[in-house]
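A.B. asks: TrEMBL lists these features:
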DNA_BIND  A:16-55  DNA-binding region
BINDING   A:90, A:91, A:92, A:93, A:94, A:95  NAD(+) binding site
DOMAIN    A:80-180  domain 'CoA-binding'
């Protein structure tokens with residue numbers, strides 16, 4: 001059977017489902033309907049059923065989804081049932097904020113090394129980690145079996161950090177610097193530039209003023 | 001003529017186009033082809049032409065797009081040709097990082113007020129702004145004509161902040177707290193939870209291990 005190609009949009013919704021399901025489990029909720037999930041997420045229940053059907057036949061008619069079972073399944077699909085180690089470069093405010101978030105992640109994904117280029121920051125502590133010099137990146141990635149890199153340096157330094165990650169053999173990059181980075185095709189890169197979210201939000205404001213002049217589709 | 005419904009995916013790509021075009025203009029590049037844009041963004045040139053055609057007939061065959069003209073047009077579409085004021089609640093590491101980013105934004109979108117609930121943080125300076133007490137939110141939003149709110153507080157406090165934003169008459173919210181928030185339908189809310197990006201990145205790693213058990217689509 002041909003491997004199923006799952007759209008990016010669906011993959012991006014899975015962590016959101018996971019978050020809601022984890023909340024439900026915390027409150028000892030054992031089953032949930034697509035209708036209830038839809039209410040919580042502002043998504044059409046049919047959309048949710050379709051998303052989850054990609055991965056197997058989880059739900060049962062009239063009963064809904066078993067919360068714990070669905071959590072297990074989504075974690076498997078996202079490969080969160082195995083440890084995944086992450087390195088972060090750029091120990092400024094954003095880097096520190098993400099490190100704090102990371103300690104909340106119960107999902108086997110852990111920031112296990114933090115690097116910075118500035119001598120005044122190298123050697124300081126963030127949570128339980130000591131900030132390492134950027135020169136130690138390659139050796140540390142190999143030693144700690146790190147597969148994902150997070151970039152939280154200024155835009156002008158970001159490509160250099162990306163190149164170092166690629167050279168170190170990292171498989172995926174999450175880039176927070178507000179710039180486009182070039183990496184080889186086999187490296188997966190996600191951009192998490194908050195300005196993109198903020199600027200696209202502007203588009204949706206002031207709906208009454210929505211007059212586009214002569215929209216043309218040709 | 002019926003108003004054109006532009007897909008969210010297209011709207012989210014526009015700020016990325018804008019970023020690349022601003023970079024080009026900085027380097028005095030005057031025209032750019034969809035092919036060159038495609039190379040920079042890892043997007044199919046046909047996709048780029050299609051995206052931009054939604055908004056009018058910008059490109060010319062054999063010449064490409066006029067960089068400055070396209071920047072103007074995209075800024076108009078995103079409504080960045082007029083000032084848009086933003087408030088941020090939560091002056092921790094993430095809030096500070098975003099405030100720093102914001103000073104780089106040349107796009108009329110400005111964080112003009114920062115709030116926090118903690119007495120030890122209220123009154124401190126971030127860039128040129130003094131952190132205000134959360135109780136001042138409603139009056140300040142009205143006074144400064146703020147239309148967008150950014151939430152960078154811990155998950156447990158986020159819904160309370162969202163409620164305050166809604167009560168203050170804000171039109172759009174960018175939420176960084178790792179939790180789902182409920183707001184009235186007329187408020188536009190974007191979630192910028194970095195864990196979603198990070199967890200969906202995990203899915204794409206280790207392609208050889210991509211065996212899903214009996215995918216079913218029914």
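Using N, Cα and C of the backbone, Cβ positions are placed for all residues, glycine too.
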A.B. asks: For the binding-site residues listed here (A:92, A:95), which one has the lowest count of neighbouring CB atoms within 10 Å of its own CB?
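C.D. replies: Per-residue Cβ counts within 10 Å for the binding-site residues A:92, A:95 bottom out at A:92.
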A.B. asks: Looking only at DSSP and grouping its letters into three states, which state does residue A:91 (NAD(+) binding site) belong to?
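C.D. replies: Residue A:91 (NAD(+) binding site) sits in coil per DSSP, no helix or strand.
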A.B. asks: Below 8 Å between Cβ atoms and chain B: which of A:90, A:91, A:93 make it? I'm asking about the binding-site residues.
C.D. replies: A:93
A.B. asks: Looking at the binding-site residues A:91, A:94, which one has the fewest other Cβ atoms within 10 Å of its own Cβ?
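C.D. replies: So among A:91, A:94, the binding-site residues given, the one with the fewest Cβ atoms within 10 Å is A:91.
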A.B. asks: Mind checking which of A:90, A:93 has the fewest other CB atoms within 10 A of its CB? They're the binding-site residues.
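C.D. replies: A:93, out of the binding-site residues A:90, A:93, has the fewest neighbouring Cβ atoms within 10 Å.
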A.B. asks: Pop the mean pLDDT for the domain 'CoA-binding' (A:80-180) in here, whole number is fine.
C.D. replies: 91
A.B. asks: Across the domain 'CoA-binding' (A:80-180), what are the DSSP residue counts per state (helix, strand, coil)?
C.D. replies: 37 helix, 30 strand, 34 coil
